[in-house]
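**Q** Annotated signal peptide per Swiss-Prot: 1-26, in sequence order, evidence recorded as sequence analysis. Taken from Swiss-Prot, the feature disulfide bond covers Cys31-Cys84, Cys41-Cys72, Cys47-Cys85, Cys178-Cys194, Cys322-Cys339, Cys349-Cys376. Sequence annotations record features per position, and here Swiss-Prot assigns N-linked glycosylation site to Asn88, Asn330. Taken from Swiss-Prot, the feature domain 'Peptidase S1' applies to 148-400. The feature active site, charge relay system is assigned by Swiss-Prot to His193, Asp257, Ser353, with sequence analysis given as support.
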Amino acid sequence: MTSYNRSVAWLTVCVLLALHIGGSHQQQQQCTTPTRLRGRCISIYECDSILDYFKQRILTWEEREFLRKSQCTGATSGRQPFVCCPGNGSKPVVAPATTVPAGTASTTPAGPAATAPSGDAALADQLVGGLLPNPKKNECGVSIGMRIYGGQNADIDEFPWLALLQYENRKGERKYSCGGSLINRRYVLTAAHCVIGEVERKEGKLVSVRLGEYNTKTEIDCVTEEQEEICADPPIDAGIESVIVHPGYQDMAHADDIALLRLAQSIEYTSFVQPVCLPLTDFRASKTGEVNFVTGFGRTLQESRSAVKQKLGIKVYDHARCQEKYATKNSSITTNQLCAGGEYAKDSCHGDSGGPLMKLQKVWYLEGIVSYGNRCGLEDWPGVYTHVPAYMAWVRSNIKE
């Protein structure tokens, strides 16, 4: 077994599964597998049929979901996860749609031609004929783990839709500045101020997008878990075929701060590069006080810019109060914007511009795009985000095969 496969297997075992730490000794309890076979609840290290299956490849969304559903609550020893192991020892068939328990999302192979369930015309329209991944089929928003000013390091394959925008100045020097979110194989959603206006004068021309990055200081990103080295695939650098800026955006203003980047190539999904879900018909917008997450490579308490992907949970801020706060700065907050944060030293800023504000609703949805704020991490001064649900019609009308 190669070092990489060992890494994938360990990552699968230690991160995808919730680990049950306890002292009971209910060894080999009977259980039912996700495909409704009788099995025994045992350590995954004793279940060759599951362990061998998941050591062989980079996991698809369906395989990730199957492994999660195979988890059971048996006895534990240290940090060993327990799974429902088929009684006949055969390799599992991964969760066909007809065997998924009622009330859970079905899982079918992901791909650009995926369509909505029959009879759901509204969702079919929202998916633009399959150009957007379907949240109901776990085709997006699947993150193994759970810039961030006051944040912490993300897991190596957490938030795999995060994109880094690269710019080139007149001297030919390149640097990363803004962020973005991969929404399908050809498009990244970001902030308009990251692609036109002052950013061009300050950073240079936008030339490429990097996907699957974890540590900008290393060529191959690796972390150590339980004395086992886990390494990511090399990041993907994609050229930009075209830039689509919302027609309402004006340089140095903040309204309609949203843009689409059409990549010059179709992106192949891996465990480290996947799309985030867009808010569709059944998405419930966040209320004041709810916790959403931001991720990126921006400023931290220790550094002007983080080399390692960061994450931070922040609360949605009362909209009316946010309008009042920013009115004192001669800045108008519209209903197409969302405010979040406002705790000291916990904010998204600088290098996080254009990056995602995410809401977990079974899968991860892109609810906001980092737009602007009043400095970084100030007490009772929330950041302002472009509210993505308000722009879904624009997004749908501007993507193509």
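FYI, residue positions are counted from 1 along the chain as it appears here.
Cβ atoms here come from the backbone N, Cα and C positions, even for glycine.
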**Q** Using C-alpha atoms only, work out the spacing between Cys47 (disulfide bond) and His193 (active site, charge relay system) and round it to an integer in Å.
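**A** If we compare the Cα positions of Cys47 (disulfide bond) and His193 (active site, charge relay system), the gap is 52 Å.
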**Q** Within 10 Å of each Cβ, count the other Cβ atoms, then let me know which of the disulfide-bonded residues Cys41, Cys339 comes out lowest.
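**A** Comparing Cβ neighbours within 10 Å for the disulfide-bonded residues Cys41, Cys339, Cys41 has the fewest.
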**Q** When the Cα of Cys339 (disulfide bond) is compared with the Cα of each of the recorded positions Cys41, Cys178, His193, Asp257, which one is closest?
**A** Asp257
**Q** Please work out which residue of Cys47, Cys84, Cys322 has the most C-beta neighbours within 10 angstroms of its C-beta, and give that one of the disulfide-bonded residues.
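**A** In terms of Cβ crowding, the pick is Cys84.
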**Q** If you compare CA-to-CA distances from Cys85 (disulfide bond) to each of the active-site residues His193, Asp257, Ser353, which comes out shortest?
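**A** That would be Ser353, nearest by Cα distance.
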**Q** Going by DSSP, is Cys85 (disulfide bond) sitting in a helix, a strand, or coil?
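**A** DSSP call for Cys85 (disulfide bond): strand.
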**Q** Determine, using Cα-Cα distances only, which of these disulfide-bonded residues is closest to Asn330 (N-linked glycosylation site): Cys31, Cys72, Cys322.
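**A** Result: the closest of the disulfide-bonded residues to Asn330 (N-linked glycosylation site) is Cys322.
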**Q** Across the domain 'Peptidase S1' (148-400), what does the mean pLDDT come to, as a whole number?
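**A** That region's mean pLDDT is 88.
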